[in-house]
Amino acid sequence: MSDALIAPNASSSEAPQSPAEHYDPTRKQKSADKTARIPIKIVPAEKLKKPDWIRVKAATGNSRFYEIKDILRANNLVTVCEEASCPNIGECFGKGTATFMIMGDKCTRRCPFCDVGHGRPDPLDVNEPGNLARTIAQLKLNYVVITSVDRDDLRDGGAQHYVDCISQTRELSPATRIEVLVPDFRGRLDKALDILQACPPDVMNHNMETVPRLYKQARPGADYAHSLKLLQEFKRRNPNVPTKSGLMVGLGETDEEILEVMRDMRAHDIDMLTIGQYLAPSNHHLPVLRYVHPDTFKMFEEEAYKMGFTHAAVGAMVRSSYHADQQAHQAGFA
């Protein structure tokens, strides 16, 4: 998942379990607890000084930041903005926008770049689609992004829950455009896509995250070719629904590797692109190995349009869901 997935340097708010403490798979694991059990060893690197162009906008005193938080809590909803420690949370909440994270706050994967907690997920909340729909209507949102944790424990990967959320949101807010940022539905792709056919979103997003050489390190459990196939197959079934994907830079990839992934995306009929700077959530996550200069981001953007992407949001603080409404509007989809 992706937005999710690109977070600022910060310490986890949860205290780590000591090695002697009994392992509880139902407990949400963050930071060191989460990454300690993955097969890839995280090797500390010299901490790079954050450049001047990495700047986070804080919420202003007259913003809707606390109003949004109160509404979310009242409706028992989770946002990826909070769970993934997104650096843009102050700006987005302040403007009355949020990316909703469904199916709980415990992911079945342990991606070491991501700050979303890992653990044995709770049963699906049957009231969540209705709570989500009412919240979106209450906030009077014109454009929403719905994402989720990975749910490898579910036979359909959570596809039916996505459909329930989309359909109930459309019942209460028929004019609202809905973008989904889905997991990879590993091992159940055809079933998930069959289910999504019943109520497809307005924009279908699935993040590639990084270059294939770094998949084993950054996305254990995921497969580069599978992620491309997911988006291509969805597009084949829904030719009028735009597809979208995102990449983060700073994990050790080269510029040419990023360009090659962009070419692969276009070869698999992906319409929209986001590229942003990876920022490590903690010292227990993958380290930042480079800060990409704004000139390089500009080059990626120019190349994206040459390749035929309908829209490319590229920059240090760009995230998959950041200004997603503006991205879709500029691409002519919203």
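Heads up, the Cβ atoms here are built off N, Cα and C, so glycines get one too.
Listed in Swiss-Prot:
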- 1-36: region 'Disordered' (REGION)
- 7-20: compositional bias 'Low complexity' (COMPBIAS)
- 21-36: compositional bias 'Basic and acidic residues' (COMPBIAS)
- Cys81, Cys86, Cys92, Ser321: [4Fe-4S] cluster 1 binding site (BINDING)
- 92-310: domain 'Radical SAM core' (DOMAIN)
- Cys107, Cys111, Cys114: [4Fe-4S] cluster 2 binding site (BINDING)
Tell me whether Cys107 ([4Fe-4S] cluster 2 binding site) sits in a helix, a strand or coil according to DSSP.
strand
Could you state the whole-number distance in Å separating the C-alpha atoms of Cys114 ([4Fe-4S] cluster 2 binding site) and Cys92 ([4Fe-4S] cluster 1 binding site)?
20
Return only the integer: C-alpha distance in Å from Cys107 ([4Fe-4S] cluster 2 binding site) to Ser321 ([4Fe-4S] cluster 1 binding site).
19
Which residue among the binding-site residues Cys86, Cys111 has the fewest other Cβ atoms within 10 Å of its Cβ, if you could check?
Cys111
Determine, to the nearest whole angstrom, how far the Cα atom of Cys92 ([4Fe-4S] cluster 1 binding site) is from the Cα atom of Cys111 ([4Fe-4S] cluster 2 binding site).
25
Could you tell me which three-state DSSP class Cys92 ([4Fe-4S] cluster 1 binding site) falls into?
helix
Cβ neighbours of Cys92 ([4Fe-4S] cluster 1 binding site) where a neighbour is any other Cβ within 10 Å:
25
Cβ neighbour count within 10 Å of Cys114 ([4Fe-4S] cluster 2 binding site):
30
I'd like the Cβ neighbour count for Ser321 ([4Fe-4S] cluster 1 binding site), meaning other Cβ atoms within 10 Å of its Cβ, all protein chains included.
29
Measuring Cα to Cα, how many angstrom lie between Cys86 ([4Fe-4S] cluster 1 binding site) and Cys111 ([4Fe-4S] cluster 2 binding site)?
16
How many other Cβ atoms sit within 10 Å of the Cβ of Cys107 ([4Fe-4S] cluster 2 binding site)?
27
